[in-house]
Amino acid sequence: MRAHEAGALHGELGNRGPAWLRTPDDVNALVPQLWPRGVVRDSDGVLTVSGLNVKDLRAEFGTPAYVLDEDDLRARARAFQAAFQGHDVYYAGKAFLCRAVVRAIDEEGLFLDVCSGGELATALSAGMSPERIGFHGNNKSVRELERAVDAGVGRIIVDSFDEIDRLAAIARERGKRQPVLVRVTVGVEAHTHEFIATAHEDQKFGFSVGGGAAFKAVCKILDDDVLDLRGLHSHIGSQIFDASGFEVAARRVLALQAQIRDARGVELPEIDLGGGFGIAYTTQDDPAAPADLAERMLKIVDDECEARGLAVPKLSVEPGRAIVGPAVFTLYEVGTVKDVDGLRTYVSVDGGMSDNIRTALYDASYSATVAGRASTADPILARVVGKHCESGDIVVKDEFLPADVQPGDLLAVPGTGAYCRSMASNYNHVPRPPVVAVRGGEARVIVRRETEDDLLALDVG
Ligand SMILES: Cc1ncc(COP(=O)(O)O)c(C=O)c1O
């Protein structure tokens with residue numbers, strides 16, 4: 001590698017460290033925070049999950065495949081449930097939803113947040129009781145609202161004045177009183193290690209607290225007896241590590257809560273502070289434990305209520321990524337290995353941006369490891385790319401893989417449970433991979449692989 005290129009690469013890699021600090025041992029190591037609890041290498045160096053090795057999984061289910069460690073998912077759900085005991089934890093289904101996951105979430109005692117008619121249908125068809133479902137969305141259709149009211153959905157999170165009118169009309173027509181939350185924007189935007197508190201809220205979601213729309217929406221609902229206003233809702237961002245964003249948001253929401261009490265004599269019994277809790281995608285990420293998050297969030301709500309003389313409302317949160325993200329890895333097969341100009345090695349796998357759009361869409365970082373064997377070869381800097389007709393079809397931007405990585409190798413990418421299968425596409429008419437759940441030493445398909453027949457079935461021209 002030429003000197004200026006090494007410098008450029010070092011810059012790109014941030015503090016991950018230059019290549020010459022890596023050893024073959026590092027390349028084989030599984031950093032625990034990146035992997036589901038049930039994943040280890042066996043004595044032959046083959047990755048196993050809940051005792052099943054990935055070579056056998058490939059033989060039975062093919063690649064690419066999303067592999068879900070169900071015990072890990074359940075343990076993460078339970079950790080949130082325990083941390084927020086006495087409050088409500090909604091699993092945010094947009095991260096990944098299928099019937100098996102709905103059942104697991106339900107069995108672990110969580111509530112469920114959905115944001116479309118399709119997610120609602122999935123939840124109901126899996127037997128989730130409707131009163132434990134919250135329904136989000138900035139543009140729910142009349143049909144979706146009707147279905148939600150008819151089903152008896154526990155909370156509809158209203159997001160616009162148009163929706164308040166529509167929902168009230170639907171509830172009135174049915175002689176029902178629908179419980180709702182009002183989604184507010186508090187001028188806090190949080191992503192990863194930073195949050196920004198701004199004076200205005202330039203986004204499509206919610207009613208602005210600063211601009212007064214939130215208070216107006218609350219008054220409109222309080223004036224209509226078919227809508228039962230339970231509380232305020234705020235969601236500030238995603239992949240958040242810095243809890244101070246939640247603190248600022250909670251303060252602003254509770255300031256509105258006090259304004260409502262003073263002006264209308266009503267203390268709303270609930271507050272929802274949304275989701276967005278960060279997970280580890282690389283060794284550089286160090287997410288907080290649910291218990292620590294809960295302690296901080298509950299304390300700020302308690303303190304702020306005390307300061308404003310408010311009764312402490314019931315808190316709810318909506319983690320999606322933090323429950324399902326780390327419970328899944330994607331298993332790919334390497335198809336080609338290309339050394340480009342001594343600069344970096346491109347390792348092409350049999351999936352790509354159709355099963356994980358996050359790298360292309362958000363410049364997200366991921367990690368990868370050769371999964372079917374351990375290697376004693378020196379590390380090389382590699383880029384894991386997909387099979388799609390886009391040069392931006394990147395799965396893992398930078399990773400140290402063993403220099404002997406070769407076609408036919410299995411490659412595993414951890415942290416792909418959230419916003420991967422749920423955002424998957426059929427770009428280039430590539431069928432979407434299955435989701436294989438592993439539990440108690442048994443593997444089962446919970447979402448089957450799409451076939452070319454599935455794709456052609458929609459093409460009726
Ligand atoms: C309202 C709301 N709640 C919860 C979530 C879940 O976020 P995460 O999966 O990052 O926890 C989202 C994500 O966009 C959201 O918009």
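Cβ coordinates come from backbone N, Cα and C, glycine included.
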Quick check: of Gly276, Gly372, Gly461, which does TrEMBL put in the same pyridoxal 5'-phosphate site as Glu318, Pro319, Gly320, Arg321, Tyr419?
Gly276
Counting other Cβ atoms within 10 Å of each residue's Cβ, which of the binding-site residues Glu318, Glu390 comes out lowest?
Glu390
Recorded substrate site residues Arg321, Arg358, Tyr362, Glu390, Tyr419, farthest C-alpha pair in Å:
27
Return the members of Glu318, Pro319, Cys389 (the recorded positions) with CB less than 6 angstroms from at least one atom of ligand 1, or none.
Glu318, Pro319
Taking the centroid of the Cβ atoms of Gly276, Glu318, Pro319, Gly320, Arg321, Tyr419 as the pyridoxal 5'-phosphate site, which other residues of that chain lie with their Cβ within 8 Å of it, listed in sequence order?
Ala92, Lys94, Ala95, Ser238, Gly275, Phe277, Ala322, Ile323, Gly325, Ala418
Please give the greatest C-alpha separation between any two of the pyridoxal 5'-phosphate-binding residues Gly276, Glu318, Pro319, Gly320, Arg321, Tyr419, in angstrom, as a whole number.
15
Under 8 Å between C-beta atoms and at least six apart in sequence, can you list the same-chain neighbours of Cys389 (active site, proton donor), or say none if there are none?
Asn428
Taking Cα atoms as reference points, which of the recorded positions Lys94, Glu318, Pro319, Arg321, Tyr419 is nearest to Arg358 (substrate binding site)?
Tyr419
Recorded positions near Gly320 (pyridoxal 5'-phosphate binding site), in sequence order, restricted to Lys94, Tyr362, Glu390 and a 10 Å Cα cut-off:
Lys94
